[in-house]
Amino acid sequence: MSSKIMVPKYRSFLKWAGGKYRVIDDIKRLYPKGKTQLIEPFVGAGTVFLNSDFDHYLLADINPDLINLFNIVKADVNTYIKESRSLFIHPEANTATRYYQLRALFNQSDDRWLRAIIFLYLNRFGFNGLCRYNSENEFNVPFGSYSQHYFPEKELHYFAEKAQKAEFICASFQQTFAAASENSVIYCDPPYAPIKQESNFTRYAGNDFGLTQQQELAELSKQTAQQHNALVMISNHDTVFTRRIYQGARFKRVNVQRSISHSGEKRIKVKELIAVFEKQNLQKWQAKQQMKAALSESP
């Protein structure tokens, strides 16, 4: 009688709204054999990277604070742990007064090391794992008012170890896609398209990511799969809009528990999809479209 080998799952040291911990197994099942590089244009907290097994990782985000943090943890995790822990054990760490003092210091400072230290505190003590900036590019997530806090030392060590095979860059998704090759899997976790189209944009690290950007990402994914024979995957809400712009891809549907209130008490299942763009499937889809067009034009 054989038993399944349980593969451990690893959490990021960051709390992150929309993180992929619950669906990582669905994502990994879609990986093809033979690819050696994972590219993530929207790396976020890095959960997909942490639970994948490739020879090399190119991990990007347009948030410079996030990329700065990852590079510092990669370079000197022990010193980072020592200094960031001091903020967690401060006697007033879990107070609004202390939180807003450190948030103000973060917004005023240009020191990369200090910003990286405070970023982890703000992430863990702020509301719901949000990472949000105002129009002045100031971090503006409110205090979380949680009763307990966890210092992620174990997760930091694992991240630093795994990061030795990774390159972290602050770049747009367009710039990141340019690095693709036939050896690449590209996994995209963009700001999600709205479930209802009345809301047509999402603030992404201080920038608007609207329906135009959603369409641009879809087109670039198709082009990259066809021209470079890379496999491209995109997670998003399962809507009429996303299925339309992802035509030519194959779809994997997933149900995700999502908080829909500020209190986090009400959770519902939200339908999501993973669109997978592959050269062979796209060519078949294009051939069918051409045949349909030819038939519609015939007398």
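Just so you know, glycine gets a Cβ as well, placed from its N, Cα and C.
Just so you know, TrEMBL annotations are computer predictions that nobody has curated.
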Query - One of ASP110, ASP111, ASP189 listed by TrEMBL as binding S-adenosyl-L-methionine at the site of TRP16, LYS20, ASP61 - result: ASP189
Report summary line: Taking all protein chains shown into account, the Cβ-based neighbour count within 10 Å for TRP16 (S-adenosyl-L-methionine binding site) is 19
Requested in this report: Can you tell which of ASP61, ASP189 has the least company, meaning the fewest other C-beta atoms within 10 angstroms of its C-beta, among these binding-site residues?
Outcome: ASP189
Requested in this report: With an 8 Å cut-off on Cβ-Cβ distance and a minimum sequence separation of at least 6, pull the same-chain contacts of LYS20 (S-adenosyl-L-methionine binding site), or say none.
Outcome: ILE27, GLY44, THR47, VAL48, ASP189, SER235
